[in-house]
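Let me begin by presenting the structure, written as structure tokens, before commenting on it.
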Amino acid sequence: MNISIISIGKLKEKYLKQGIAEYLKRLSAYAKVEVIELPDEKAPENLSEAEMLIVKEKEGIRILDKISDDTHVIALAIEGKQKSSEEFAISLDRLATYGKSKVAFVIGGSLGLSSEVMKRSNESLSFSKMTLPHQLMRLVLLEQVYRAFRINRGEPYHK
């Protein structure tokens, strides 16, 4: 399975970079995983609704440009479906079973994802009803993907 994590914004925090590097290393035994970091759109602090839409649309174009037609796209969004770790593992296993060898997880910028990205997505996933920093989501997502592979192989890790 080829997994892409497409994310808006540059990761700055050293501790997050270290955690992400660790999970990428662990995941290399199970799948080819790449993190694609795309620049966020520079915008002033107080945006109108119209300006917010423009920012999301510009970021959305960058995201969609990185997704091929044969990729199964999972948008990370607060309004997405929440799953347990076991349910998430089953979902990933089903994708592999049904021949979906390319999977892209999409993490938007601080304003979220554009409507075009949401339309392109095959499903939407939420890790919590809480708002979480999009940079932290990369680490949380990688840990859950790793956990899913361990669950699916019956390997110790998940409790």
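Here the Cβ of each residue, glycine as well, is placed from N, Cα and C on the backbone.
The annotation S-adenosyl-L-methionine binding site is assigned in Swiss-Prot to L76, G108, F127, S128, K129, M130, T131, L132.
Comparing local CB density within 10 A for the binding-site residues L76, M130, L132, the maximum falls on L76.
In this record, S-adenosyl-L-methionine is bound by L76, G108, F127, S128, K129, M130, T131, L132; the longest C-alpha to C-alpha distance in that set is 16 Å. Neighbour density for T131 (S-adenosyl-L-methionine binding site): within 10 A of its CB lie 9 other CB atoms from the protein chains shown. For G108 (S-adenosyl-L-methionine binding site), the same-chain residues 6+ apart in sequence whose C-beta sits under 8 angstroms from its C-beta are I8, K56, E59, I63, A75, L76, A77, S114, V117, H134. Taking a C-beta cut-off of under 8 Å and a sequence gap of six or more, K129 (S-adenosyl-L-methionine binding site) has these contacts in its own chain: I78, Q82.
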